[in-house]
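Okay, so here's the structure we're looking at.
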């Protein structure tokens with residue numbers, strides 16, 4: 001444990017705690033010493049993964065990115081699609097055995113801690129209401145329908161706790177969604193709503209007397225439909241369905257876990273394809289720019305070559321012209337001194353624009369010799 005903890009970068013206590021939380025058996029004290037001494041040891045088998053639990057064990061905190069938490073790169077091989085050894089029918093049966101028998105006990109005999117908190121706060125409201133008579137402070141759980149709703153929630157919470165799942169409900173003074181609650185199963189949080197079924201065409205007093213309840217597990221889709229739903233009927237009340245509801249809540253956690261795993265893999269495949277396409281486009285753009293640059297350099301070399309040829313032709317024309325003028329100097333009314341000064345200036349101008357004389361021809365030759373090969377089109 002110490003060696004593995006050091007490799008992970010945590011203490012052996014933190015590693016053991018993470019293993020227990022993930023239901024991974026930890027070697028008993030002295031296991032490794034007996035194993036190194038050659039004494040017989042027993043290895044406890046790994047139990048089935050808890051419904052809704054992740055296959056990856058994370059130690060310590062980190063930024064939450066949902067199923068985007070693991071990035072993929074161009075050189076990163078894609079993991080295989082997720083597979084699940086246990087089919088949903090076998091898992092449902094395992095959950096049913098894990099949950100066992102479920103009842104809705106009286107709130108006065110065996111309240112869940114969250115239900116007890118709601119009742120305690122309702123007692124405070126009752127005292128405030130007796131003192132102020134403000135309806136906003138009226139107790140919430142005095143009516144038979146409200147007490148029945150708490151009994152159903154209490155039965156669900158207690159059964160979930162026995163199965164190793166934690167319940168959640170808003171116990172603040174002014175809850176935002178008083179009909180909503182949740183069960184934390186593995187690494188999934190399953191939320192549900194327990195609310196009265198709307199009844200049309202009946203007086204309000206009759207509705208209050210025979211209020212029917214509906215429990216709906218929230219789905220992960222964006223269309224607003226429930227994942228599963230139950231309500232009171234002539235055949236069965238919600239109290240009769242509490243065991244089924246708890247089982248389906250835990251099974252829903254595994255369903256959502258598998259959906260997340262599939263969605264995560266699909267996202268990795270899509271992300272990989274996007275990266276490959278982006279890299280392809282980058283290379284195409286790189287080749288295009290390289291070709292454009294080479295074409296530009298080729299045009300510049302041609303323009304330089306033509307310009308140098310024209311400059312050389314002009315320089316030779318100037319020199320020829322100067323020689324012709326000097327040959328016919330006797331025909332012009334110019335002193336020999338002035339003619340020599342002019343000829344010297346003209347020959348310097350010819351040398352200045354001559355690419356061989358001024359060195360630009362050498363630069364043009366080297367630019368062609370040192371030019372990289374053209375990128376194939």
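Note: Cβ is positioned from N, Cα and C throughout, glycine not excepted.
Unlike curated entries, TrEMBL annotations are predicted automatically.
The feature region 'Disordered' is assigned by TrEMBL to 33-53. As a summary of secondary structure, the region 'Disordered' (33-53) carries 4 helix, 0 strand, 17 coil according to DSSP.
The coiled coil annotation in TrEMBL covers 273-300.
Note on the coiled coil (273-300): mean pLDDT across this stretch is 94.
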